[in-house]
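For reference, Swiss-Prot has these:
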type	residues	note
ACT_SITE	Tyr50	active site, proton donor
BINDING	His112	substrate binding site
BINDING	166-167, 215-224, 271-281	NAD(+) binding site
SITE	Lys79	site 'Lowers pKa of active site Tyr'
Amino acid sequence: MASPTVKLNSGHDMPLVGFGLWKVNNETCADQVYEAIKAGYRLFDGACDYGNEVECGQGVARAIKEGIVKREELFIVSKLWNSFHEGDRVEPICRKQLADWGVDYFDLYIVHFPVALKYVDPAVRYPPGWNSESGKIEFSNATIQETWTAMESLVDKKLARSIGVSNFSAQLLMDLLRYARVRPATLQIEHHPYLTQPRLVEYAQKEGIAVTAYSSFGPLSFLELEVKNAVDTPPLFEHNTIKSLAEKYGKTPAQVLLRWATQRGIAVIPKSNNPTRLSQNLEVTGWDLEKSELEAISSLDKGLRFNDPIGYGMYVPIF
């Protein structure tokens, strides 16, 4: 089952449902990507920081070799890590990531965080994480404008078909749009019923920037990381509002949460290593929730953010 697409301001079509690669184990990653392609997934959302791009590429290569899919039918996403924000670092690290994936271009290349950290040589440590070689967080003087100018050159050189941002506020987006020669095609943010960020979503969409939600299931992804507010928060899958809608429509709680996003034009990137759930997560566009039901889910908003760099040792708040 193929996912419907959203037209980006770059002119390219992006699947509304993709497969997220954060925390996908290196040992199983190639097989998971391969199986996801067989199940019908075409968008794969990766990143330098996930540390599994080589294995992702192996799964893609196997599927292409077996004739299951062509490269041009895939939508491969990766991200620029914080340690490579200086203008002359952007293209070299993008080329390394392309080589890791075994592809010639990214369909979408995203600035992962609006934070410039001190450069870490990939030969010394890769992925570099948040700390410098000294073992502590150190900042670079690179500006977002410097970084974005280098990102635009990736489009010029056909290394990336579209470029975007992640974890940006409306203020940062507004500033970026004042000087961008190539407008960001997408904004990827944490988005679930406990963190709806309606004004940010509305602003991005009004500016023609597609929104992608990560962590669509709220605290679930952060339990194994022992993030305190995730551990202390009731699971969305067990919330009465979500459960009752799942029963009404004969869907899973996961499908209800994903449909709440996709019905509002927001792309999603769930993952699963379970074949049944893989298929179920793709089936989130052919049926509709009522307007009042969308609003009921949105009313669960608590402003609860689970992916905050403060928890990774960052001492300057970005949200």
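In case you wondered, yes, glycine gets a Cβ from its N, Cα and C as well.
Between Ser166 (NAD(+) binding site) and the residue listed as 'active site, proton donor', the C-alpha separation comes to 15 Å. Its own atom aside, the Cβ of Lys271 (NAD(+) binding site) has 20 Cβ atoms within 10 angstroms in the protein chains shown.
In sequence order, Ala47, Cys48, Asp49, Lys79, Leu80, Trp81, Asn82, Ser166, Asn167 are the residues near His112 (substrate binding site), counting only same-chain partners six or more apart with C-beta under 8 A. The Cβ of Phe222 (NAD(+) binding site) lies under 8 Å from the Cβ of Ser215, Ala230, Phe306, Asn307, each on the same chain and at least six residues away in sequence. Under the DSSP three-state reduction, Gln280 (NAD(+) binding site) is assigned to helix. Least packed by the Cβ count within 10 Å, out of the binding-site residues Asn274, Gln280, is Asn274.
Candidate binding-site residues: Ser216, Pro219, Lys271, Gln280. Nearest to the residue listed as 'active site, proton donor' by Cα distance: Lys271.
Comparing Cβ neighbour counts within 10 Å across the binding-site residues Ser166, Ser216, the minimum falls on Ser166. Long-range C-beta contacts of Pro219 (NAD(+) binding site), restricted to its own chain and to partners at least six residues apart, with a cutoff below 8 Å, comprise Tyr194, Val227, Asn229, Ala230, Val231, Thr233, Pro235, Leu236, Leu304, Phe306.
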